[in-house]
């Protein structure tokens, strides 16, 4: 039975979207592994190869949607959408991690992005697509250096928030304890 791998990117950042990708490989691709263990250049090369040689879908949630529904609900909605999309393919669906976020129709596996090539491919799809969005946001909001930090809470990013406040892609529901009282939404 073929496998559909699912992984996400953008669960922990202070800013930007959440991307959840599902992928069925139609051809073997060399060099697949967890996206975090690949250079940005290598991820970009593999991303292009994956989209040419797979059936895939990427579900995206904006910072505003994450604030409105909550991260867990967005994950549940995204996982359900991917399960529905891939159901006709009669595949075994594996999601990286140990939580189903209330969704059904798939298995979870810790470190699946290291163990299962389809999950590695999904990891790359989610990461590269999200990183591209963050590079575009860097042009619109240059003070935050989103091209470099991808919205994560680096020291420079937190200092930029302290200096310039939050921008429209910051997750209002992700309060930084040491910034409370300094900044208001």
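Glycine is no exception: its Cβ is also placed from the backbone N, Cα and C atoms.
Per Swiss-Prot, the feature domain 'RNase H type-2' maps to 1-185.
Around the Cβ of residue 7 (divalent metal cation binding site), a 10 Å sphere holds 28 further Cβ atoms from the protein chains shown. Taken from Swiss-Prot, the feature divalent metal cation binding site covers 7, 8, 96, and the record attributes it to sequence analysis.
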Note: in the chain of residue 96 (divalent metal cation binding site), residues six or more apart in sequence with C-beta under 8 angstroms of its C-beta are 5, 6, 7, 8, 108, 109, 110, 111, 112, 113, 119, 122, 123
